[in-house]
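J.: First the structure, which I've put down as structure tokens, then a few questions once you've had a look.
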Amino acid sequence: MPLINIIRGETIPVAPLNVRTPVFRLPIWAVVVWETVKALAWLVATYVRHWYVTLPATGLTWLYLAHGWQALAALVCGVTVVATGWAFGHRPSWLRFGWWPILARIRRLVYQRRWMAAMVTAKLSVSYDKRTIIPEIRRVRCRTGCDEVTVRMVTGQIPDDFAKASERLAHTFGVRQVKAIPGPTYATVVLVLMRGDSLHETVEPLPVPARPDFTALPIGVQEDGEEYRLRLFGTQVLIVGATGSGKGSVIWSVVRALAGGVADGLVELWGLDPKGGMELGIGRPLFARFASRDFAEMAAMIEQAASTAQERAARLAGQTRQHIPTPDEPLIVLVIDELANLTAYLTERQLKDRIKAALGIVLTQGRAVGVHVVAAIQDPRKEVLPARGLFPTRIGLRLSEPAEVDMVLGDGMRDRGALCDRIPQTQPGIGYVVLEGDPTPMRVRLTYCDDTTIRDMAHDHGRLRLVNGKATGGAA
Ligand SMILES: Nc1ncnc2c1ncn2[C@@H]1O[C@H](COP(=O)(O)OP(=O)(O)OP(=O)(O)O)[C@@H](O)[C@H]1O
Ligand SMILES: [Mg+2]
């Protein structure tokens, strides 16, 4: 007998295994009931999911049907009055619990609308097994000047992937800048979308603290609205910026934050101004020691700072890990403008070598024993400043090339948002810094002290007096 397979009257080829899906015949009413149940479930789910729209809409419809349009108008007026009263009465709580949550809902819809296109064009979508998987928006929060969008990354992505695409995302969403920060849990990243520019205006000089806190010297404002405080204890500070970027304003902001200590003798500022006193000369009475023309004198000053650091380090070894300044043993801060003149452009080789050696000692041994350097330079390359790595704290102002950003602030910092090369020339005093415990750079603006402010400060807090343009000794 021939081997054939006949299933439901159909002849099908012979094979070791023949599988056919069974056919069930459902009555039409069952199909209609099933589709209706599905549609209702979808409606309920949508209603619950978008409660912030559906609930008020239901309430308003009920009010209108039950009490007419007058009740509706009265409610709208009531809510407006309460919201206005709240906004004027207690603005922080109004923003936190009233306005920002509403705005976040609206912004979420806006981001959602462009999300797919943004992820695909920024190459943040992943194609796998003929499917395209895109990162998911988890949460949107609004704050002053920025939105924080928490995103669930696709498996295998890292926050730096988003950091690299940040410029593209900024243009896609029409914001000034996007920063990518590792999220609260693994596999999430927080995109901070900066809207306005809180650093647009020049920052006025801050009041001089009577007793400086060497761990937090107020010298400017941060993009998030906080005061930017510089830690001086335990570090050395390098300011890098192209010409006209505002290096002088960083120096004077630091000096201003220390001026209260100068008056008490807790702080000794040593000024080295190789540009002939152009920058620091105006505040001469604040400086216990000052050199502006004689490079040999500058070398001697740095050598003296080095020997002070070595002597203090030897004496304090095993006793303390942080020297506490006193009038007998003050905090010494070498303020150096245009450091490259001492380390690179000096033609006298012997002098240059002396300066480099002494500076190396101050930078490595001085930071725990109260001998600090605050130096400004235009060019961060190793040929110009071999000791760049010895400055743990660096402030990057406007720079001429993108490659310089990572040299100044550390590897990957430009990708993470430190766009020093994009700072416009019209905004001197703006720069990027890396804050403790924050993997992404912070945009800051330093305070601007004009000549009159510096003169007044030197007069009020300097320990010297200017007589015929020359500083004379003695405490003020
Ligand atoms: N923080 C600031 N806010 C506003 N304007 C500033 C600020 N800092 C500097 N400026 C303006 O920019 C000009 C140049 O600043 P500054 O002399 O400090 O730059 P610089 O980096 O030291 O330049 P150079 O390399 O030529 O010495 C100042 O004259 C001032 O008008
Ligand atoms: Mg300068």
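Positions of Cβ are set from backbone N, Cα and C atoms, glycine also.
TrEMBL annotations: computationally assigned, not manually curated.
According to TrEMBL:
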BINDING   Gly241, Ala242, Thr243, Gly244, Ser245, Gly246, Lys247, Gly248  ATP binding site
DOMAIN    216-406  domain 'FtsK'
J.: Run through the Cβ atoms and count how many others sit within 10 Å of the one on Gly246 (ATP binding site).
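T.: If we count other Cβ atoms within 10 Å of Gly246 (ATP binding site), we arrive at 25.
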J.: Could you list, ordered by sequence, which of these binding-site residues: Gly241, Ala242, Thr243, Ser245, Lys247, Gly248, have a Cβ under 6 Å from ligand 2?
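T.: If the test is a Cβ under 6 Å from any atom of ligand 2, the answer is Lys247, Gly248.
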J.: Could you tell me which of these binding-site residues, Gly241, Gly244, Gly248, has the greatest number of Cβ atoms within 10 Å of its own Cβ?
T.: Gly241
J.: Taking the recorded ATP site as Gly241, Ala242, Thr243, Gly244, Ser245, Gly246, Lys247, Gly248, identify the other residues of that chain whose CB atom sits within 8 Å of the mean position of the site's CB atoms, giving them in sequence order.
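T.: Same chain, not in Gly241, Ala242, Thr243, Gly244, Ser245, Gly246, Lys247, Gly248, Cβ within 8 Å: Gln378, Leu397, Arg398, Pro428.
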J.: Restricting to the same chain and to sequence separations of six or more, state which residues have a Cβ under 8 Å from that of Ser245 (ATP binding site).
T.: Leu397, Arg398, Leu399, Ile423, Pro428, Gly431
J.: Which three-state DSSP class does Ser245 (ATP binding site) fall into?
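T.: In three-state terms, Ser245 (ATP binding site) counts as coil.
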J.: Go through Thr243, Lys247, the listed binding-site residues, and name the one with the sparsest Cβ surroundings, counting other Cβ atoms within 10 Å.
T.: Thr243
J.: What average pLDDT is reported by the model for the domain 'FtsK' (216-406)?
T.: 92
J.: Determine the Cβ neighbour count for Ala242 (ATP binding site): the number of other Cβ atoms within 10 Å of its Cβ.
T.: 20
